[in-house]
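The structure under discussion appears below in the form of structure tokens.
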Amino acid sequence: MNTSPGAPTGVRAFVDSQPIGRRQRIIVLMVFLIMVADGMDITLASHLFPPVIRDWGVPVSAVTLVVSLGVVAMAIGALVSGPVADRWGRKGVTVVGFVLFCLATAGLGLTGDIHSFAALRIISCFGLGAVMPVALTIVADWMPKARRAQMVSIAFAGVGVGSIIGAYLAAAVIPTLGWQVMVLIAGLAPLIILPFFVALVPEPAIISVRRGIPEARIRSALALVAPDRDIAGVDLTRAGLTLGAGEVRAKALFAEILCRPLLGVTLLIWGVFFVVQGSGLLVLQYMPMLLQAPAPGLSTVESGLIVAMYGWGALIGQLTIAFILKRFDRFIALAAFIFWSVVGLLIVAAFGTGFGFFGYFTLLFAIGLSLPATAAAMQSVTTLAYEEEFRATGMGSAGFAGRLGTLTYGALGGTLIGAGFGITTVSLVLAAPLAVSIGLVFSLRALSRRAGIAPEPHQITPGNEVDDAHVST
């Protein structure tokens, strides 16, 4: 690609033309570590509330309300953070959200009643909800289109690592030191990441151009990503942001993702996120209880080992799909992983009460390979659906839909178990909307192709990045 002053290149075309370098790998690593903190919170929260109920003598209904308010706060955080990040920058939103999450989580260990506990938990969840979509958007903004889906999925795999670490941390700390020490560790330890993130992760160049940041600072950021390339010919004026159909118009950012040709795409993304994240939450949150029910009647230790194996399956599946997305149609890969999840759940529904420990051990590992990986794939699908100018808004709105899914499925799981239904019925109820979501994925594929949105990563070659980005030079 010519980067001489006589042939100006748009920012996106310049990033797309670069192979992934050392600084981009560092960016992925930093966001991966932030996702680890997110995954730790998911697991630790499930271990946190039983001792809170025991120590303070609060009713289960009060804790249920705290959990529900926390999920709502996550959803609002995701929804609000996207437009703010699109207008004022990704990096600052990520840092503020992460600090809120860490400090509020650590503060839980200093509370003495359910009211102050609930207030801090809501703040913590708001920060956490804001961080995930914006941090993943930073990864997407700095990656070439051909590798964007893969790198976003690898960064998201940190959630799986965090869930495993959280489970072991809870098992080691709570029985000996108490839940207060556990939340102090979970809140303060991730802050170690922050100075490295601030120092090593530059603000995405395209957002800096939109904000009118001095060109010298933007060129410095581009030089970090592509130290061996001449960046003098990169167009850092607003004219260089014109990405064809993705050009931002003078209207609200939410209107951008809800107008044609993106309306149908956005609604389908919301639908799949709702089902996928809700299903994953229900399995993680209620599987120990279902396994310890009279049928199948497993012990606490056995159910714990099975859920841990589900976590390992999740990690392997998320890393696996990251490399699959580099080579194959992302929609086909996503549909295949959802289908595998449906098959596993239907096997449990059909023969669940007849399985012993090893049967569930194997099945839950298999479901872990597929179901959590669909969430990673959806993050990648979403980053490729939206241009940089409103990508964080699209990611945040998808995160909002996913959090609403976790809230709905959490209530559904509690209702089913409270009504006396066991693992076979719950698995069948889970399988049905997942099967429907396969149809949503293929509809999303058709709409995306019709609208000419984000060609498949494997279709992009080094000679056609500029054309794919629709950059005017």
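We number each residue from 1, going along the chain as drawn.
Cβ atoms here come from the backbone N, Cα and C positions, even for glycine.
Predicted, not measured: the structure shown is a model, and the values here were computed from it.
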Membrane-side pairing of Met143 with Lys326, Swiss-Prot annotation: yes
Which range of 92-112, 239-259 is transmembrane segment, per Swiss-Prot: 92-112
Same-chain residues near the transmembrane segment (422-444), Cβ under 8 Å, at least 6 residues beyond its ends: 264-265, 268-269, 271-272, 275-276, 279, 282-283, 286, 290-291, 293, 295-296, 331, 334-335, 338-339, 341-342, 345-346, 348-350, 352-353, 381, 412-413, 416
Among 154-174, 264-284, 305-325, 331-351, 399-418, stretch most in contact with the transmembrane segment (181-201) (C-beta, under 8 angstroms): 154-174
Taken over the topological domain 'Extracellular' (113-121), the model's mean pLDDT: 94
Long-range environment of the topological domain 'Extracellular' (47-59) - Cβ separation under 8 angstroms, sequence gap at least 6: 66-67, 108, 113-114, 117, 166-167, 170-171, 174, 178-179, 182-183
Non-local residues, at least 6 beyond the ends, that sit with Cβ under 8 Å of the transmembrane segment (154-174): 28, 31-44, 47-48, 51, 135-136, 139, 181-182, 185-186, 284, 304, 307-308, 311-312, 314-315, 317-319, 322, 372, 375-376, 379-380
Stretch in 122-142, 305-325, 355-375 most in contact with the transmembrane segment (399-418), if contact is a CB pair under 8 A: 122-142
Candidates 122-142, 264-284, 305-325; stretch with most C-beta pairs under 8 Å toward the transmembrane segment (355-375): 305-325
